[in-house]
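Annotation source Swiss-Prot lists compositional bias 'Acidic residues' at 717-732. What Swiss-Prot records for 9-161 is domain 'VWFA'. Residues annotated as N6-acetyllysine in Swiss-Prot, with similarity to another entry given as evidence: LYS265, LYS332, LYS666. What Swiss-Prot records for 138-165 is region 'Leucine-zipper'. Taken from Swiss-Prot, the feature region 'Disordered' covers 708-732. If you look up Swiss-Prot, you'll see 720-728 marked as motif 'EEXXXDL motif'.
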Amino acid sequence: MAWSGNKAAVVLCVDVGVAMGNSFPGEESPIEQAKKVMTMFVQRQVFSESKDEIALVLYGTDGTDNALAGKDQYQNITVCRHLMLPDFDLLEDIGNKIQPSSQQADFLDALIVCMDLIQRETIGKKFGKKHIEVFTDLSSPFSQDQLDVIICNLKKSGISLQFFLPFPIDKNGEPGERGDLDSGLDHLKPSFPQKGLTEQQKEGIRMVTRVMLSLEGEDGLDEIYSFSESLRQLCVFKKIERRSMPWPCQLTIGPNLSIKIVAYKSIVQEKFKKSWVVVDARTLKKEDIQKETVYCLNDDDETEVSKEDTIQGYRYGSDIIPFSKVDEEQMKYKSEGKCFSVLGFCKSSQVHRRFFMGHQVLKVFAAKDDEAAAVALSSLVHALDELNMVAIVRYAYDKRSNPQVGVAFPYIKDAYECLVYVQLPFMEDLRQYMFSSLKNNKKCTPTEAQLSAIDDLIDSMSLVKKNEEEDIVEDLFPTSKIPNPEFQRLYQCLLHRALHLQERLPPIQQHILNMLDPPTEMKAKCESPLSKVKTLFPLTEVIKKKNQVTAQDVFQDNHEEGPAAKKYKTEKEEDHISISSLAEGNITKVGSVNPVENFRFLVRQKIASFEEASLQLISHIEQFLDTNETLYFMKSMDCIKAFREEAIQFSEEQRFNSFLEALREKVEIKQLNHFWEIVVQDGVTLITKDEGPGSSITAEEATKFLAPKDKAKEDTTGPEEAGDVDDLLDMI
């Protein structure tokens, strides 16, 4: 089909004669198959925002409506839609107006009407291509009297033809066999008349073959498609193919060497256009909705203020730091302009693939028609390739952009050579995690048989097939040719909702699900290794033993006074800390494995200041919360409790209170409600002035701090004193 990047004028010429509606039981009629092909083609054009203009002409209709119609000429031919941009109305016309009739019309007459429509409606417009697509089963009679004249006018006007038939045609212009097309889906199989082709259809094939050979030569038969072949090619929505814009710049190495270059985006992450708008639910019009923004003070009267009386503020902990427009402009990075400067070189082995980041990949070429630049860049590319080196580059798109640091590595192909640029992370972009070693746990040490089984499984799941004889590597799962299922699902649902307002959305199309399945060849190869792994790694249910609680545990003697008991607990913790510190060696910072013990050790031994150690602990708390897992929530709680205890002991109450207030705001922003419920249940609140002299928080304020913001604040009553053992026995 004509889905070229150039603007095209396309006429869909559809046979709706009586024979197009005939079908055998269990088969779709030719007209239904033709409607499917046209629908898929038009919906591609709609969602790709194509500038092509499309018209719709039906022949074999009960009525007549075209500019050439006379008393006995060009009858039963209807121009259903003139040339215009495709839209959902055209899709509705294809679905509703294309129905089989009781008449027939001359195919060549319909072709003349289409040619006339293109010539008249393209006057004053620029089109790269003019195209007619014919959908027919060739059952309608036709007169070949003017065939040579039609072919001559098609060539003269630069109009190309494509035919879409219910059955395939081979390279010799003969009807194909049932086995000619290998279809993976039953509903895409070619439709063959069970009693063979009629004489009229055979005559039509000869006429179509003659026309296409006259227009396109031997390649003309490639423009004759079967409905099933077209459906397979069109079953995936495609976005418009955008031509990469050149980015000219100077590649500089030191102060004295510069090379004129031009860069193109090779890979860029495709994103949805933000086209969602709010409309009135009854009229479905955007204009019926008015949006008004009002700024109010956070007081009882909600006093309204004008936008001119407001400025931006940056929230830092519990404080808001004001920033005016002047401040924002002064804060912005002032760049000298676009830049592609080499900072230095390093071995390619030092730049690991896991460091690649960003949303695009650039290919850097020498400037066009600059021989000196081409020689210089080629020398650089080959030198890097021979030495296994890469260039570390400072990249800035323009003077408004913040600079990036990236890697440029050589890329040499038979047809061209260039540098490929990928962004690298800064220090803040890296996430460091520490995990306990599996090697130190003897229970986790695999046997040789288990290691061998996993090796075999990995080998069997390889998505690369190597042909040893031809030394060719074949990709069994080419991701660059697999459409994004998110886009496909959105387009499918938008199309369905536009045409069927009241119906439920359809399920995901099966061919999309099939594309995401592992290759059949790979699944067959990994069956045996999988069964071997299942045998060598048996899964057994672990039943957690309940801790038996004795009467002594319940009614334990507690003759110690409060302060003494607290002192005993502290000494016990210190013993534990010293033992763990001996196991870990010299502790110089708070780690992620034992953050509580590390924190206590650092502040008590005065290896680090309380401020420094607390900042390290807070960093780990934030990392634990980012995982959004209950296990790490509990670990965060242990850290917070330790922070609170040590803050009281070292008179750092205000530091802990500021942290907890900032934590609550962060929890609300990230919607970590489950974690905050744990905080409330454990009663971890602000440090009051009764607990530490450095705090100004009252007990009432500390209690209100844990109360939900959306609920009315209620006065809290003090906890009742716990009863003694005798009271408990009386209750029993």
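Positions of Cβ are set from backbone N, Cα and C atoms, glycine also.
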Notebook entry, point to check: In terms of Cβ proximity under 8 Å, which residues at least six beyond the ends of the region 'Leucine-zipper' (138-165) contact it?
Noted result: 1-2, 15, 17, 19-20, 34, 37, 59-60, 104-109, 111-112, 115, 118-119, 129-132, 198, 200-201, 203-205, 207-208, 210-212, 214-216, 223-227, 230
Next item on the list: Compute the C-alpha separation of LYS666 (N6-acetyllysine) from LYS332 (N6-acetyllysine), stating it in Å without decimals.
Entry: 26
Checklist line | Least Cβ-crowded entry, counting other Cβ within 10 Å, from the modified residues listed as LYS265, LYS332, LYS666 | finding: LYS332
Notebook entry, point to check: For LYS265 (N6-acetyllysine), what is the secondary structure by DSSP, using just helix, strand and coil?
Noted result: strand
Next item on the list: Measure from the CA atom of LYS332 (N6-acetyllysine) to the CA atom of LYS265 (N6-acetyllysine) and give the result in Å, rounded to a whole number.
Entry: 26
Next item on the list: Using DSSP, break the region 'Leucine-zipper' (138-165) down into helix, strand and coil residues and give each count.
Entry: 11 helix, 7 strand, 10 coil
Notebook entry, point to check: So what pLDDT does the region 'Leucine-zipper' (138-165) average out to?
Noted result: 88
